[in-house]
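Per TrEMBL, transmembrane segment is recorded for 88-106, 118-136, 148-174, 186-205, 225-251, 263-281.
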Amino acid sequence: MVAFSYGEWDYICQVSPQSICNLFYRQLLIHPEHGVQSAPDPYLNLPDNSSQRDLLISKSGIGIRSNCSINRMGTLIDDGSRHSAGNIANILVCCLASLFVFHLAFRASRRKAAVGRIEVILFFSVYGLSLIFQLFDTGSIITQGSSAIVWLTSIRLSLIVILYACLIWIGFLGLQLIEDGTPASLLPLLFSCLILFIGSIYIFLDTGFGISNYFASQPASHLYSPWTFSLIILWPFIALSLFTVMTSIVSIQILSEIKPLKMLFGSILMLIIGTLFRWIISPSICRSSRSRVDGSFLATLFETFSIGLFYKLWTSLTEAEWEEFEGLNPQFDSNVLSGRYLEKGQPFLPDQNVEPGQTYNFRRDN
């Protein structure tokens, strides 16, 4: 039996620490049905007393009517004997993961002749930025219902939207229908990312702030939003499916290599495991740790493993070409290794006999 239907976040926000729930928390506090809410909200189980109400909001963690959540950092928990450290495990993992991902971006920048180098650097940079924002929107650092957490959550979710747009484009570049790193590749990518970012961040901000009331749930407690559901759940699934198909075509039909497929499905497996921790296993971890940690830190860890395997996938798609040129004169022009020259079964040959120390000039053997 499915606990929720398309577009419904009510059940999800009760059992899973999803950052999208930050937007609905704000929506429940400030909603077009009643404006700024000074009375208690029965859906949020807020008390009648305003001071107690403010105290409860200030302590709230991620989720709405959550079965188990981590209190906001610095607030008293249990019997008042200790202060919450927030979602400290996920905060630490996000810090380490962002350093790792930016390191991958740096390593990618050194592969001067690899296909899609600039596009892959953009992909890693976007994911690294999303980890920094994840520190705040899932770290139980900022007060629930505040404007700051709505902005940070909206930016992070919009970065995830364009991350998957970059993934599709990288898969498309592998088919070598257009030349990577040129305006023909970068301009469509940047334009589509800009449009997606502007459109998605407006939807997320409107959901939280009720700018136009178009994206507000009716009634407020329904937590129904097919737009955000499509962006957060459906869009990544579509993007991953397209990338998997295109990469499989490149690996099997163009390169006749199996190794990239191993990296591809390994990366997908890590992502699935991370998704299980974030969406399903998290409540059990939260309860067993007495609300000290939840499954988000393991989800972030496995998602970062997935990104690491994606880097290995990308390098495995080009390493064969590099190996063909190992041992040649080190002065050869690395531009000949760009994707537009490298095709399976069509090696380059020296156009003349050269003496040691001279630069190789390559031609295609027709």
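Glycine too: its Cβ is placed from the backbone N, Cα and C atoms.
Automatic prediction, not curation, is the source of TrEMBL annotations.
Of the recorded ranges 118-136, 148-174, 186-205, the transmembrane segment (225-251) has the largest number of C-beta contacts under 8 angstroms with 148-174. The transmembrane segment (186-205) shares the most Cβ pairs under 8 Å with 118-136, out of the stretches 88-106, 118-136, 263-281.
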